[in-house]
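Only one structure is covered here, and it is reproduced in the block below.
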Amino acid sequence: MDYSYDEDLDELCPVCGDKVSGYHYGLLTCESCKGFFKRTVQNNKHYTCTESQSCKIDKTQRKRCPFCRFQKCLTVGMRLEAVRADRMRGGRNKFGPMYKRDRALKQQKKAQIRANGFKLETGPPMGVAPPPPPPPDYMLPPGLHAPEPKGLAAGPPTGPLGDFGAPTLPMAVPSAHGPLAGYLYPAFPGRAIKSEYPEPYASPPQPGPPYGYPEPFSGGPGVPELIVQLLQLEPDEDQVRARIVGCLQEPAKGRPDQPAPFSLLCRMADQTFISIVDWARRCMVFKELEVADQMTLLQNCWSELLVFDHIYRQIQHGKEGSILLVTGQEVELTTVAAQAGSLLHGLVLRAQELVLQLHALQLDRQEFVCLKFLILFSLDVKFLNNHSLVKDAQEKANAALLDYTLCHYPHCGDKFQQLLLCLVEVRALSMQAKEYLYHKHLGNEMPRNNLLIEMLQAKQT
C-alpha cells in the first residue's frame, strides 16, 4: 500500500533525486525507483556492475547500472520484505505505523520552519553529489608527527616514520595468544584462524585487560534514549589506542625484523577491527542475537565500520593536510602521495572528501554513534535467523537519529537524509577498500594470518 505525503515539503527521492510520489517499500521514493525495486525483487533479478560497484546514481543516470541502483535502494532503507511475492498490486501494509510517525515528524518540521520564520531550503538532490569542496590547503610541512596522546600507559612511537607508517620501534604482529584470539574466540567459538606460528592453540586464549569505558553519558534535552545508551557504550579512545599500540609492540616469535609499512598498517586495521567487535558485542540487540547472526552481521559490515571509524577520527583530527592513525601518529598527505601506490592514495583522498562533507554537515558524536549502529544493523543482510530483531533495531535507530537531528539542527531540515546519503558513500568506499585489499592479497603482499583477508574470504564463501 502506498501512503500520501506532504507535497509542500518538496521531498526528493533518496535513491536518484527525482521528485517523490509517496511512501513505497519503507520510505518516500519516486515512481521510477519504486517500480525498479519491485521488479528486481519479484523477478529475483541478479545484476553485475562493470565498474567498481560505486556508480553515481541520479535522475539522469539511474538506468545505467542496475546493480548500484539496487544496492543504493537497500542502503537508503527500501525493504525487501515489503514487496509482495504474489505479484499482486499494492505493498504489504506492515509499515503503516512507521509512515504515520514519519508524517508526524514532517508536520513537526513544517511547524518549526513556520515558527522560526524561515523558508525550507532543500539540499542537493539525494543521490546527486554535492558541489565539490574547495581544494584542501596542504600547508603542513612534509613528514610525520606523533602527538603524545594523553593518559597512555604506553604511547605511540615518537620517532618519525622512515617509510610511510613504519615506526622506528620494533613493532610486530601480536602473539597468537594475544587480544586477536582473546576478543574473537569468546564471542565466536567456532571461528578458526590459521596461525603462521608453529605452536597450536593448546588451551583457550586468555583475553587481555578489557577496554576502558568513559563515565556514563546522562544525555540531555532532546537526546533520545537509544543514543544515550550508545554513547555509554563508546570505548575510551585513549585506552583503545594504548591497547593497540601495546599489541603492535609485542615481540613476534621468531620474527625480530621490523615489519614493512603496509604490513604494519594491516595489523593496525586488524587491531582496530577487534575493538569494533568488542563494541558490537556490548551493543543492545546485538548481544541478544545468536552467534551465527552476529557473525553474519559483522561479515556484512566490517569494512564499513572500519572506514567510518577512520572517517570520524579525521573529523576529530581536523587537519586537512594529514591523516591521524589509530596509534596517534600523523601522516602527511604529501607522504601518502609520495610513498603509497596510486590505488591507496586515491582511497585516502576519496575518504578525505567525505571527511570534509561530514564536517560541513557538522556531524557530532551523537550522530556518529547512531550511524555506526545503523551500519551494524543493515537490513540488506540475508540468511539471518532473527531478521525481525535486526529490523526493529534499524527502525528505532532511524527514528532516534531523525528525532535528534530535527531537535538539535532545525535549521538543517534535510540533515537526516544527508547523513544517510553519506552512509552510501561509506559503503562505496568500503567496497573499494576491499577490492584493494584483495588485489594486494592476490599479489601476495598481505601479511600472513591477516584477519581482514579472512573476513573477505568468509564473505565470499
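Just so it is clear, glycine is given a Cβ too, placed from its N, Cα and C backbone atoms.
Remember, it's a predicted structure, so these values are computed and weren't measured experimentally.
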Of Gly328, Gly341, residue recorded by Swiss-Prot at the 1,2-diacyl-sn-glycero-3-phosphocholine site of Tyr436, Lys440: Gly341
Of the residue ranges 13-33, 181-201, 349-369, 391-411, the one that Swiss-Prot records as zinc finger: 13-33
PLDDT averaged over the residues of the zinc finger (13-33): 89
Cβ neighbour count within 10 Å of Lys72 (N6-acetyllysine): 25
Position of peak Cβ density within 10 Å, selected from the modified residues Lys34, Lys38: Lys34
Integer Å distance between the CA atoms belonging to Lys72 (N6-acetyllysine) and Lys34 (N6-acetyllysine): 13
Tally of residues which DSSP labels helix, strand or coil - the zinc finger (49-73): 8 helix, 0 strand, 17 coil
